[in-house]
């Protein structure tokens with residue numbers, strides 16, 4: 001005989017794995033992981049120094065959502081490599097937990113009546129923002145790191161505001177459900193709950209109900225086995241992703257993640273590239289020695305320097321990584337070039353009063369063709385306009401003739417193929433920057 | 001008094017209503033900024049993500065799992081479905097996450113932008129899938145042998 005029950009019937013859902021304790025454990029795992037992903041995401045926005053200049057800000061209408069911003073430090077030099085690596089890698093690792101959590105509560109989607117009280121009806125509306133918003137934020141992130149720009153608009157806007165919508169719904173969900181989840185987890189080893197939570201004390205909870213199947217099918221696995229299964233999924237993703245934050249043999253362990261598996265070449269310039277020269281329209285003609293000049297703009301007017309002029313200035317070395325918003329990074333590379341603060345001096349700024357800088361690249365396209373660095377970044381002795389990396393001149397793909405490299409800054413602010421540097425105090429309302 | 005009680009029964013807890021208000025205020029504040037631009041498509045993506053998951057992806061993998069369970073039951077060992085479910089789900093998870101790279105739909109852009117090879121993802125995914133099934137098969141063999149050893153030797 002075929003079952004004729006509907007999804008709205010409690011007997012339709014037959015997996016014996018579903019249960020309040022199972023859902024609660026997954027929920028608590030997400031409650032540990034998602035705040036870390038959210039916080040590191042907010043840090044990434046701060047790392048762009050969006051309140052320094054409009055060129056750094058993809059979400060200028062952020063309002064109070066940017067109320068926490070602070071000048072991004074340059075110490076420790078691996079700061080962004082760590083925070084953004086955690087943001088992306090942990091986000092990927094949480095996908096199986098998120099999917100399992102959604103699977104475990106699916107019967108509630110079809111509960112009838114949908115709500116008995118106004119509060120419950122509104123809570124269910126909020127669940128749409130929770131599930132839709134959550135999946136949206138994860139999907140945009142996962143698509144973006146694979147360079148698949150399917151989503152309807154700018155990644156920065158969709159991911160940033162989408163995250164706030166998700167978190168608004170998540171905070172409510174946690175406030176309403178955490179007590180019951182903690183009770184369920186403390187009830188270790190006890191018999192499966194058949195609705196003790198739906199007591200009269202909390203009328204809202206009776207709609208939520210316990211998710212244990214009323215007519216369970218014969219088990220093929222235990223709840224413990226199912227949790228191990230989810231954990232194995234997370235471990236598999238972690239193990240095949242984390243390597244993209246390291247050079248050498250570790251990168252080869254990132255079997256399917258973008259910027260994993262292999263380096264783009266060997267030799268001094270054989271480390272990861274965010275955008276090749278060809279992809280942004282930088283040609284050898286415009287970087288040739290007789291053509292390329294760096295324009296330094298400051299109180300002294302405009303100074304034009306050739307690459308050999310730059311090479312004649314005092315050269316300094318700094319070991320710094322490239323760390324991308326996409327979550328991949330390189331190990332420390334040995335950069336050599338001119339200190340940014342020395343260039344500020346050449347542009348006419350006195351020592352001890354280092355200003356901000358607006359850097360323009362030769363590249364034709366890309367959101368960060370122009371990027372702003374704050375005074376603390378310019379002043380750091382490890383911040384360089386690099387001419388060499390790992391003992392050889394920069395390759396075209398790493399920014400030949402000269403590129404910026406700043407400790408702890410996101411990759412896109414380390415402008416390649418630099419054409420112009422304006423040393424002055426910048427401001428978020430700086431109309432002249434456009 | 002009864003009037004107030006029936007009102008409460010209709011609205012639910014006032015504390016919950018206040019929390020809902022706070023949450024919706026933040027949702028609205030971020031939401032209008034999220035929807036700036038192509039609001040219809042963005043809304044479609046958010047709502048569509050929930051619907052696609054709840055009404056397509058989840059029923060699809062549930063149906064596949066049920067079919068595999070039935071097939072194993074028909075072969076007389078229902079619990080063995082775990083040895084199909086685990087490698088298949090892990091492989092499917094990798095495909096779901098890295099579909100743009102595995103399918104090759106971004107291969108050209110990926111190669112141009114990063115200087116890395118855009119091909120090879122599908123092969124590596126197939127190899128991982130093969131390894132997962134091989135491991136699971138090995139575990140099944142171990143289980144079979146253990147079961148055979150524990151059986152009383154009346155067959156001989």
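Even glycines carry a Cβ here, placed using N, Cα and C.
In TrEMBL, annotation is done automatically, which means it is predicted and not curated.
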Fill in: Matching range for TrEMBL feature annotation, region 'Disordered', among A:128-157, A:158-187, A:188-217
A:188-217
Worksheet item: Quick one: which of A:1-24, A:25-48 does TrEMBL have down as transmembrane segment?
Response: A:25-48
Worksheet item: Where, among A:25-48, A:86-106, A:159-178, do we find the most CB pairs under 8 A to the transmembrane segment (A:127-147)?
Response: A:159-178
Worksheet item: What are the helix, strand and coil residue counts for the domain 'Oxidoreductase molybdopterin-binding' (A:283-425) according to DSSP?
Response: 28 helix, 50 strand, 65 coil
Worksheet, complete the sentence: Whole-number mean pLDDT, the domain 'Oxidoreductase molybdopterin-binding' (A:283-425), equals 96
